[in-house]
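Undergrad: My questions all concern the structure below.
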Amino acid sequence: MDIFDAIVLGIIQGLTEFLPVSSSGHLELGKAILGDTSLPEESLLFTVVLHFATALSTLVVFRKDVFEIFSGLLKFKWNEETQFSLKIIISMLPAVIVGLLFEEQLEALFGGNILFVGFMLLITALLLWLADKAKDTGKKVSYRNAFIIGVSQAIAMLPGISRSGATISTSVLLGNDKTKAARFSFLMVVPLIFGKIAKDLMSGELMASSTDFSILATGFIAAFLAGLVACTWMISLVKKSKLSWFAIYCFVVGLAAIIFAYAQ
């Protein structure tokens, strides 16, 4: 991997972490079209660095919210910040359970299945289209909604289902305010990213990585900057009901994937 590869992969990670296009689905499509060996090899350490960069970009964009949450928690009272934190924890449970118990099985079943990815992208397109047409409200995410949104995040482990698309769409379709839905969606994944990073660090596999520091630094900066742009842009798009743009994109790519699968 060279500097150019690091920049490209960093930008892709930064954009697809927030834009509702399914990074896992695009990765599977890229492998199918280019072949596994045509893609640059990513070390585990490089992947961890990119995820850390996007998590950090989320914290920067929502720095005011994060500060208020921690300030509220330090008061040790049953306040709005404590309730929001509990909702985040509830939303994490389905993905944690599925990730710990079924991640390898899901990869074995659906990894490389382009036809499946195509149909999942069509589902993502439908969710985004429906959410885009939903009326905006002032409703906050409830505890029940937090769990349902968490279930949609767990389902988004399937290649082709966008995590941000599934969680934001589910939240909006449950009647929640669009801006609050985007905020909840992006904040709920941060603890999971840090948890995954901690798991990888404890595995000891990172010690075997030989990735050059300049590659890591370049990838980090690219992912961080792309993440800042994508996260801010996505919030604006949700506010302005522009999710239909991504619905059309996912529909076209999903249809192309299905045609490609049958043509093989």
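The backbone N, Cα and C atoms fix where each Cβ goes, glycine too.
OK, Swiss-Prot features for this one:
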- 42-62: transmembrane segment (TRANSMEM)
- 82-102: transmembrane segment (TRANSMEM)
- 109-129: transmembrane segment (TRANSMEM)
- 146-166: transmembrane segment (TRANSMEM)
- 184-204: transmembrane segment (TRANSMEM)
- 215-235: transmembrane segment (TRANSMEM)
- 243-263: transmembrane segment (TRANSMEM)
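So where do these features actually land, and what's packed around them?
TA: For the transmembrane segment (42-62), same-chain residues at least 6 beyond its ends with a Cβ under 8 Å from one of its own Cβ atoms are 1, 6, 9-10, 13-14, 17-18, 183, 186-187, 189-190, 193-194, 196-197, 200-201, 205-206, 209-211, 215-216, 219-225, 227-228, 231-232, 235.
Through the fold, the transmembrane segment (82-102) approaches residues 69, 72-73, 141-143, 146-147, 149-151, 153-154, 157, 184, 187-188, 191-192, 195-196 of its own chain, all at least 6 residues removed from its boundaries and within a Cβ separation under 8 Å.
Long-range contacts of the transmembrane segment (109-129) within its own chain (CB-CB distance under 8 A, at least 6 residues past either end) are made by residues 20-22, 25, 28-29, 31-32, 158-162, 165-166, 169-170, 173, 243-244, 246-251, 253-258, 260-262, 264.
With a cut-off of 8 Å between Cβ atoms, the residues of this chain six or more beyond the transmembrane segment (184-204) that come close are 18, 44, 48, 51-52, 54-55, 58-59, 61-62, 65-66, 87-89, 91-92, 95-96, 99, 141, 146, 149-150, 153, 163-164, 167-168, 171, 176, 231, 234.
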Undergrad: Excluding the flanking five residues on each side, which residues at least 6 beyond the ends of the transmembrane segment (243-263) place their CB within less than 8 Å of a CB in that stretch?
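TA: For the transmembrane segment (243-263), the list is 19-22, 25-26, 29, 32-33, 114-115, 117-122, 124-126, 128-129, 131-133, 160, 162, 165, 168-169, 237.
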